[in-house]
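Participant: Got a structure here, written out as structure tokens. Questions coming.
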Amino acid sequence: MEPVCVKDFTLPELEEWVQGIGERSFRARQLFRHVYGRGVRSWSECSDLSRMFRVQLEHGVELDALSVLKKEQADDGTSKYLFGLRDGHSIEAVLIPDLPRSTLCVSSQVGCALGCKFCLTGSLGFKRNLSAAEIVDQVCQVQRDLGSRSRITNIVFMGMGEPLANLDSVLRAIRVIAEPNGMAFSHRRITLSTAGLVPQLRRLGRESPVNLAVSLHAAENELRAELMPVNRTYPLEVLMAACREYPLPPRKRITFEYILLDGINDDPKQAKQLVKLLHGIRAKVNLMPFNPHPGSVFRKPSEQRVLAFQEALQNARITTHVRRSRGGEIGAACGQLVAEYG
């Protein structure tokens with residue numbers, strides 16, 4: 001039997017698999033509870049399974065898709081996990097405590113192909129997509145590390161990679177994470193952030209009710225294309241049309257993320273352009289002062305410019321928050337993930 005990873009299976013797929021090896025379908029629900037409820041480290045811990053079934057699992061089904069290579073913790077409590085993959089690549093995930101919430105930022109790719117100019121991850125280039133198991137296991141491994149001390153309450157696809165460029169694996173991972181017989185995460189507590197791959201954005205709206213965040217960072221095409229090459233393929237008018245058509249539950253809004261770059265996109269004129277761009281969309285805005293990293297040509301704007309930009313949006317009745325950097329001293333802040341080991 002070719003080895004498989006249990007975390008690659010949705011529950012219906014696992015039910016089909018266990019029936020294929022001669023077991024009854026309810027065994028799949030037992031496995032989900034052991035893997036995601038109890039966090040077992042070995043199939044031998046599953047004492048309610050027959051010895052023969054456990055032997056089959058031990059010889060053909062892997063429990064983990066990745067391993068923790070390194071963990072760093074910042075003074076503010078933010079933790080960065082470096083994970084090793086079986087092919088030698090590595091990725092990072094970040095746990096951000098903000099009581100009573102504890103948010104895990106997960107990666108969806110090794111590297112990223114989009115090449116956003118302000119993002120250190122983009123400088124790595126694209127290596128490969130993650131499997132569903134490699135996405136799910138980031139959640140499992142961090143929760144295993146936390147133990148009974150704390151629970152992950154929110155998951156955000158804002159780590160390494162563009163989630164919509166790996167949508168098949170991301171949707172499969174979300175189905176596993178949200179499965180009531182497993183981790184039972186509410187879709188309301190899962191957020192996916194995208195630079196704006198429009199066809200995949202439309203598919204996401206049809207297939208998964210997770211929260212949507214759009215990385216915007218400029219309100220006019222020329223500047224956005226300079227900062228984010230994806231804008232040349234899907235310019236703002238195309239992206240915003242897709243956002244206007246995106247299916248939103250009552251009282252839900254799309255989050256628009258806007259990194260403030262000193263002297264680039266942070267003046268009052270651009271705030272007005274952003275207000276105009278968001279007209280007619282149920283939107284909220286997260287402003288993020290740039291997190292400096294080695295080799296970057298961009299600078300963090302002054303607090304005065306940040307607050308002035310926020311005020312301009314709030315005066316237009318757009319809910320606007322300033323997201324303060326977390327974990328910057330360990331390279332865990334937004335746009336800083338590079339998965340270096342050493």
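Using N, Cα and C of the backbone, Cβ positions are placed for all residues, glycine too.
From Swiss-Prot, here are the annotated features:
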| type | residues | note |
| --- | --- | --- |
| ACT_SITE | Glu92 | active site, proton acceptor |
| DOMAIN | 98-329 | domain 'Radical SAM core' |
| DISULFID | Cys105-Cys334 | disulfide bond |
| BINDING | Cys112, Cys116, Cys119 | [4Fe-4S] cluster binding site |
| BINDING | Gly161, Glu162, Ser193, Ser215, Leu216, His217, Asn291 | S-adenosyl-L-methionine binding site |
| ACT_SITE | Cys334 | active site, S-methylcysteine intermediate |
Participant: Including all protein chains displayed, how many Cβ atoms other than that of Gly161 (S-adenosyl-L-methionine binding site) lie within 10 Å of its Cβ?
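Facilitator: I get 30 for this one.
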Participant: Listing them in sequence order, which of the recorded positions Glu92, Cys112, Cys116, Cys119 have their Cα within 10 Å of that of Asn291 (S-adenosyl-L-methionine binding site)?
Facilitator: Cys119
Participant: Could you state the CA-to-CA distance between Glu162 (S-adenosyl-L-methionine binding site) and Cys116 ([4Fe-4S] cluster binding site) to the nearest Å?
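Facilitator: With the alpha carbons as reference points, the distance is 11 Å.
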Participant: I'm trying to understand the geometry here, so how far is the Cα atom of Cys112 ([4Fe-4S] cluster binding site) from the Cα atom of Ser215 (S-adenosyl-L-methionine binding site), in Å to the nearest whole number?
Facilitator: 14
Participant: Cys105 (disulfide bond) to Glu92 (active site, proton acceptor): how many Å between their Cα atoms?
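Facilitator: Distance between the two Cα atoms comes out at 9 Å.
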Participant: State the three-class DSSP label for Leu216 (S-adenosyl-L-methionine binding site), counting H, G and I as helix, E and B as strand, and everything else as coil.
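Facilitator: DSSP call for Leu216 (S-adenosyl-L-methionine binding site): coil, neither helix nor strand.
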Participant: For the binding-site residues Cys112, Cys116, Leu216, which one has its C-beta crowded by the most other C-beta atoms within 10 angstroms?
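Facilitator: Within the set of binding-site residues, the most crowded position is Leu216.
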Participant: Give me the CA-CA distance between Gly161 (S-adenosyl-L-methionine binding site) and Cys116 ([4Fe-4S] cluster binding site), in Å, as a whole number.
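Facilitator: It is 11 Å, counting Cα to Cα.
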